[in-house]
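Comments concern the structure below.
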C-alpha cells in the first residue's frame with residue numbers, strides 16, 4: 001500500500017497543515033482550537049501548543065513555508081496570523097469585514113498575501129502594510145452568488161481560482177499595486193484591476209469544491225457534488241474543458257501530483273487517481289491502496305443491494321459494504337476533507353501527501369513505490 005503512516009489525533013479533524021520542515025502538524029479537532037503536534041517517532045506524537053483565539057469552529061489552516069507563519073480562519077468571521085516568538089505563538093487579528101463565516105484560506109506562492117473564501121459570497125485578499133503594522137483585507141464582492149468553498153493561487157501570485165456552491169468556478173485577478181510586481185509570468189493579469197473576473201466556468205450543476213492549479217499553472221481542476229471532476233486547459237478566453245463522471249461518492253478536494261495526474265479525495269474515504277493520456281483525455285485510473293485497479297465489471301445490482309441494506313440496517317449487507325471498503329484500502333473510516341502536499345512548493349511532481357478526515361485520522365501517503373502501477377503519466 002502507498003500509505004506509510006496513520007495516526008488518529010482526535011474524534012474528527014476539520015483541516016490540517018504542515019510546518020516547513022514537516023516535523024510538526026497543525027490541525028483543528030473540529031472545535032475552536034488549533035493543536036500543534038510534533039513527531040517524536042513514527043507512532044508517537046507530542047502536543048506542543050494549543051492556539052486559542054477563535055470563538056467558533058476553525059475552518060481553515062495554512063502554514064507558510066518561507067516565513068513560518070500560520071494563518072487560521074473560522075466561522076466566527078475572523079482570521080489570525082500566528083508568529084512564533086520564542087516558544088510561544090503570538091496571534092495578530094485580521095479583520096476580514098465579513099458578515100458570514102470564513103470557510104477556507106491559503107497563502108499565495110510568494111506568501112505576501114493570503115486569500116479567504118467565505119459564506120458571504122465574498123473573497124478576502126489580505127496583505128501586510130508595513131507602514132501601519134497591520135493586515136489589510138480587500139474584498140472581491142462581485143460575481144459569486146453563494147458561498148465560496150475553496151480558493152487556489154496560480155503560480156504567478158496574481159490569479160486566484162475559486163469554487164462556490166452556486167456550481168461555478170471563477171478566476172480573478174488579485175493584482176495589488178505596491179504588493180505585486182508587473183514582472184509577473186502572465187503579462188495580461190498584471191495589467192488587470194483588482195477583483196476583475198478573468199474566467200467563469202459553468203460546468204457543474206451542483207455545488208463545486210476543491211479547486212487546484214497544476215504545477216505549471218496551465219491546467220485547472222475542481223470537483224462537483226454530483227460525482228464529477230472537471231479539468232480545464234488553456235485558461236483564458238477560449239478554455240478547453242473536460243468532465244469526468246465516476247459512479248462513487250462525490251469528492252471534496254483534489255491535488256495535482258504532476259501535470260497529467262490528479263489525486264481526488266472525498267466521501268468515498270479513499271484517494272482516487274485521475275490521469276490524462278497522451279492525447280490529453282482525462283479518466284479515472286484506480287484507488288490508491290487497493291490491490292488492483294478498479295474493475296468496471298462490478299455489478300450495479302450488488303451495489304444497489306449494499307445501499308438497500310445500509311438503508312434498512314441489514315447486518316449482512318453492512319458487512320459486505322465494509323468488506324468492499326477494506327479491499328480499497330480502508331485507511332480512513334469516514335469522509336476525507338482535505339489533502340495536503342508534502343514537499344517543496346512549485347515542484348513539478350509530488351511524491352508524498354497527507355489526508356485528514358472526519359474519522360480524526362491523518363494519513364501520510366508515499367507514491368515512490370507506485371510509479372510503475374500509476375503509469376507514464378506520473
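From the backbone N, Cα and C atoms, a Cβ is placed for every residue, glycine too.
Of the listed segments 319-340, 341-362, Swiss-Prot assigns region 'Disordered' to 319-340. For the repeat 'WD 3' (97-138), the residues of the chain that approach it from at least six positions outside its boundaries are 56, 59-62, 64-67, 69, 71-79, 81, 144-153, 155-157, 160, 162, 164, 172, 174, 176, 179-180, 194-195, 345-346, judged by C-beta separation under 8 angstroms.
Note on the repeat 'WD 2' (53-92): DSSP counts are 0 helix, 24 strand, 16 coil.
Nonlocal intrachain contacts for the repeat 'WD 6' (257-295), taken as residues 6+ away from its ends with a CB within less than 8 angstroms of a stretch CB, comprise 1-3, 210, 212, 214-216, 218-219, 221, 223, 229, 231, 233, 242, 244, 246, 248-251, 325, 327-339, 348-350, 353, 355, 357, 359, 365, 367, 370, 373-375, 377-378.
Sorting each residue of the repeat 'WD 4' (143-182) by its DSSP state yields 0 helix, 19 strand, 21 coil.
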